[in-house]
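One structure is given below, encoded as structure tokens.
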Amino acid sequence: MTKIAMANFKSAMPIFKSHAYLKELEKTLKPQHCDRVFVFPDFLGLLPNAFLHFTLGVQNAYPKDCGAFTGEITSKHLEELKINTLLIGHSERRVLLKESPNFLKEKFDFFKDKKFKIVYCIGEDLKTREKGLGAVKEFLNEQLENIDLDYQNLIVAYEPIWAIGTGKSASLEDIYLTHGFLKQHLNQKMPLLYGGSVNTQNAKEILGIDSVDGLLIGSTSLELENFKTIISFL
């Protein structure tokens with residue numbers, strides 16, 4: 001399977017730097033990168049999607065066409081921007097913004113009906129990890145049970161919560177074992193990504209694991225040269 005690199009800017013990228021980054025990345029890449037390289041700016045960092053060399057996505061959207069949803073972006077906004085790729089279930093939205101499994105299912109079903117490419121994020125906390133692989137499997141199974149795993153436009157991203165933004169990536173053995181379990185659980189044709197303190201030093205080794213189909217990269221991707229380095233490993 002072709003490897004994938006995704007950049008998640010979260011809320012850390014200045015608006016105009018984001019715009020410049022997207023334009024420069026478009027110049028750097030080639031058409032064959034379009035289905036392999038994804039960028040998720042925040043809302044103000046988005047541009048109308050005329051990019052041919054990578055896929056532009058959004059970090060979040062509300063599961064309605066439009067309406068009285070103060071502060072939210074909806075499918076009509078995304079349609080106007082020609083964006084049809086979306087992150088759902090990132091741990092920061094689950095934990096900090098209290099998005100429940102039922103609400104995540106509502107989002108998933110809504111954007112599935114719109115035929116969006118969905119990147120669905122899962123991952124356990126440190127307390128669960130310390131209980132062992134059996135507890136991790138049970139936790140991840142519960143996170144996946146509400147969504148249609150046969151949806152053809154689905155990508156799953158495994159991001160252990162304890163490794164996000166901490167500088168402490170999961171060990172290669174942890175990734176190998178967890179991805180091995182997930183690959184057995186998921187459709188074999190579905191891309192399965194790893195995220196959690198990915199950087200230019202560990203990306204190549206992680207991509208070398210057969211069950212890792214790509215990377216979801218946070219803070220390291222904020223510098224274009226770092227992201228280009230990781231893309232070169234694909």
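Every residue gets a Cβ built from N, Cα and C, even glycine.
Feature annotations, reproduced from Swiss-Prot:
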ACT_SITE  HIS90  active site, electrophile
ACT_SITE  GLU159  active site, proton acceptor
BINDING   ASN8, PHE9, LYS10, GLY165, SER197  substrate binding site
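Structure with Swiss-Prot features highlighted.
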residue	record	CB count, 10 Å
ASN8	substrate binding site	28
PHE9	substrate binding site	21
LYS10	substrate binding site	17
HIS90	active site, electrophile	27
GLU159	active site, proton acceptor	25
GLY165	substrate binding site	13
SER197	substrate binding site	20
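Within the set of recorded positions ASN8, PHE9, LYS10, GLU159, SER197, the entry lying nearest in space to HIS90 (active site, electrophile) is GLU159 (CA atoms). Among the residues ASN8, PHE9, LYS10, GLY165, SER197 said to bind substrate, no two Cα atoms are farther apart than 14 Å. The separation of the residue listed as 'active site, proton acceptor' from PHE9 (substrate binding site), Cα to Cα, is 15 Å. Rounded to a whole number, the distance between the Cα atoms of SER197 (substrate binding site) and the residue listed as 'active site, proton acceptor' is 9 Å.
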